[in-house]
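Feature annotations, reproduced from Swiss-Prot:
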DOMAIN    1-61  domain 'TGS'
REGION    242-533  region 'Catalytic'
BINDING   Cys333, His384, His510  Zn(2+) binding site
Amino acid sequence: MPIITLPNGDQKSFDHPVSVMEVAQSIGPGLAKNTVAGRVNDRLVDACDLITEDSTLQIITPKDEEGLEIIRHSCAHLVGHAVKQLFPEAKMVIGPVIEEGFYYDIWMPCPFTLDDMAAIEERMKKLIDQDYDVIKKMTPRDEVIKVFTDRGEEYKLRLVEDMPEEKAMGLYYHQEYVDMCRGPHVPNTKFLKSFKLTKISGAYWRGDAKNEQLQRIYGTAWADKKQLAAYIKRIEEAENRDHRKIGKALDLFHMQEEAPGMVFWHANGWTIYQVLEQYMRKVQQDNGYQEIKTPQIVDFTLWEKSGHAANYAENMFTTHSESRNYAVKPMNCPCHVQVFNQGLKSYRDLPIRLAEFGSCHRNEPSGSLHGIMRVRGFTQDDAHIFCTKEQIGKEVADFIKLTLDVYKDFGFEEVQMKLSTRPEKRVGDDALWDLAEKSLADALDAAGLEWELQPGEGAFYGPKIEFSLKDCLGRVWQCGTIQCDFNLPVRLDASYVTEENERDQPVMLHRAILGSFERFIGILIEHYAGFMPPWLSPVQACVMNITDSQAEASEQVVAKLKENGLRAISDLRNEKIGFKIRERTLERIPYLLVLGDREVEEGTVNVRTRSGKNLGTMSVDAFIDLVKSAVAERGRYIVE
C-alpha cells in the first residue's frame with residue numbers, strides 16, 4: 001500500500017489507494033479546503049485521482065502557479081456551462097489557458113454582443129454560488145463519442161477524431177454540462193469566484209481563415225479578489241496608455257483601411273522616428289558598422305536560393321514585371337549577403353558589420369494587426385556581422401554591451417536575456433554548435449548578467465540570444481536579438497580567404513537592438529504614456545505670450561531655440577495664458593515658456609514644466625543649457 005513522501009520529507013502510509021484530497025485531509029482541514037490538485041511523481045493530477053503506489057506528492061493550492069492555471073482552465077469550462085444554458089444552439093470548441101487568463105472558442109449562428117457577454121458573466125456567477133462539485137469521469141472512447149453525438153457537439157467529435165490513440169478520455173461534469181479535457185480541474189466551483197470576462201473577438205476553426213468562423217470569449221481569473229482587482233487596475237492603466245489612443249491625441253500617426261498595417265506618420269510622430277534613426281545611426285557608426293541600402297523589390301529566385309520562398313512565401317508580397325517574378329523583401333539578410341559577396345574578402349577584412357534601416361513588408365493576417373505594434377510595413381535597425389568562428393565571442397560580447405547601453409538611453413533598466421540552443425533538426429556540425437553556444441554563454445557570463453537557458457529553442461541554423469524589456473507596467477517586450485547563422489552564407493555562396501589561403505564560409509550574425517522602429521515607438525509611447533523624455537519629445541518647448549505686445553519677442557526666442565538645435569514652437573493666440581498652458585500641457589510638451597512685459601524687458605523667460613512645476617525666470621541661454629543637459633541624459637532624465 002502507498003507510502004506518500006511530501007515536499008518537506010515527511011512520509012504518510014496508507015493501507016489502501018488514496019486520493020490527493022484524502023492525503024490533504026490527513027494533513028489538516030485547512031489544507032484540504034484549499035486543495036486544487038496534486039503533483040504526483042512530478043505529474044499534475046486531479047484532487048480526486050487515486051495514488052496506488054509509493055509516490056512523491058505536492059499539494060497544489062491557488063497560491064501555486066499551477067493552481068492558478070488550473071483555476072483559469074476550469075473557468076473556461078464554466079464559460080461553456082453558462083453559454084450552453086443561455087444559448088443551447090451554441091457548439092463548444094476549445095477553451096485553453098493563456099497568459100493571465102483563458103478563452104473559449106464557440107460556434108454560434110450569430111455573433112455574441114457585449115450584452116451577451118455580460119449575461120454570460122452573470123450566469124457564471126450564479127453557477128459559482130451554487131458551490132457544486134466538478135466531477136471527473138475517465139470514459140471509454142466509444143462512450144465519449146456517444147456523449148458528444150447525443151449532445152450535437154460536432155467540434156468535440158472532430159477533436160476526438162484527432163486523438164485515435166486515446167482509448168479513454170477525461171470528461172468533466174459541471175452539473176448537466178460536460179466537457180472533454182486532460183485536466184486537471186478544480187474540485188469545486190468555489191475556487192472560481194475571482195474572475196472576469198474581458199472581451200469577445202472572432203476566430204477560425206483550427207486558426208485557418210478558410211474554415212468556419214467562431215466566437216472567442218476571453219476572460220481572466222485569479223486566486224482571490226485582491227489579485228483580480230490589481231489585474232483590472234493594471235489593464236485599465238494599460239488602456240489609458242494605449243499607443244493608438246495617445247498617438248491620435250498627440251497627432252503622431254494614423255492608420256486607415258486603404259493601407260492596412262501601414263503607418264501614416266504625422267509630423268510629430270515622424271520627428272520621434274527621425275530621432276531614433278539619427279541616434280541609432282551614430283551608435284552604429286561609433287561601433288564599427290557600415291551603413292548600406294539594399295533594394296525593396298528583388299527577383300524571386302534569390303528568395304528561392306535563400307530558402308525563404310519555401311518557408312515564408314505566404315507572408316511575402318509578390319509582383320510581376322516583364323515575365324519575371326519579384327518579392328517585396330520581408331527581411332534584409334539575403335540582400336546583405338549580396339553586398340558582402342561583392343569583391344574578394346580575406347580573413348584580415350573580418351569582421352565586416354553591415355547595417356541598414358531596412359524597410360520590410362510582411363503579409364501578416366489582418367486579424368493580427370495592432371496599431372503600430374503589429375504592422376505589415378516596418379523598418380528594422382537591422383545589421384549583419386560576417387566573422388570567423390573564432391570572432392563570434394567578441395562580437396557577441398560587444399553587442400550585448402551595446403544593446404544594454406542603448407536600452408538604458410531609452411529608460412529601460414530591466415532587461416531579460418534568453419539563450420536558445422540547438423534543436424534536434426539542424427544544420428552544421430556539432431563542433432560548430434558547441435563553439436557558438438559556448439561563445440554566446442561565455443559572453444553573457446562575462447557581462448555578469450543573469451540569463452535563462454532555453455534548450456532546443458534555437459533556429460535550425462544557429463543559436464541565439466533574445467533581449468526583452470520590462471516596461472513600467474511590468475509587461476515584457478522582446479526587442480533585441482543576436483542570431484548565429486551557419487546556413488545562409490552556405491546557401492548564398494558567401495566566402496572569404498583564410499590565413500591558410502583556402503576558401504571558407506563566414507559565420508553570419510543577424511542582430512537587431514530596437515527590432516522594428518514602429519513597434520519600438522509604440523512601446524515607448526505606452527511606457528511613458530506619451531510623456532516622452534525631452535530628447536524624444538517631438539516639441540521640446542512652447543513659447544507663449546501673455547498679450548500681443550510680447551508676440552515679436554516670443555518669435556525671437558523660438559528662433560534662438562531652433563538655432564541651438566531645440567525643437568520649439570510658439571503659441572501667439574489671443575487666449576488667456578492659463579488656457580494656453582492647459583492646452584499645451586495636454587500635448588505633453590516638456591517645457592512651457594511664458595513671456596510677459598517683464599520678461600521682454602529683462603530678456604528672460606518664465607519656465608514651467610508639463611507637470612506644473614515652476615522653474616522660475618531664467619535667461620534664454622540658461623534654458624538652452626537646461627534642455628541640452630536633459631537631452632544628454634536621454635531616458636535617464638525625468639521632467640519633474
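Yeah, the Cβs are placed from backbone N, Cα and C, and that goes for glycine too.
Within 8 A of the CB centroid of the Zn(2+) site residues Cys333, His384, His510, the other residues of that chain are Met331, Asn332, His336, Val337, Asp382, Ala383, Gln483, Asp485, Leu488, Met508, Leu509, Arg511. For the region 'Catalytic' (242-533), the model's average pLDDT works out to 93. In sequence order, Cys333, Asp382, His384, Thr481, Ile482, Gln483, Asp485 make up the list of same-chain residues 6 or more apart from His510 (Zn(2+) binding site) whose Cβ falls under 8 Å from its Cβ. A strand conformation is recorded for His384 (Zn(2+) binding site) in the three-state DSSP classification. Most buried of the binding-site residues Cys333, His384, judged by other Cβ atoms within 10 Å, is His384. Under DSSP, residues within the domain 'TGS' (1-61) fall into helix, strand and coil as 13 helix, 24 strand, 24 coil.
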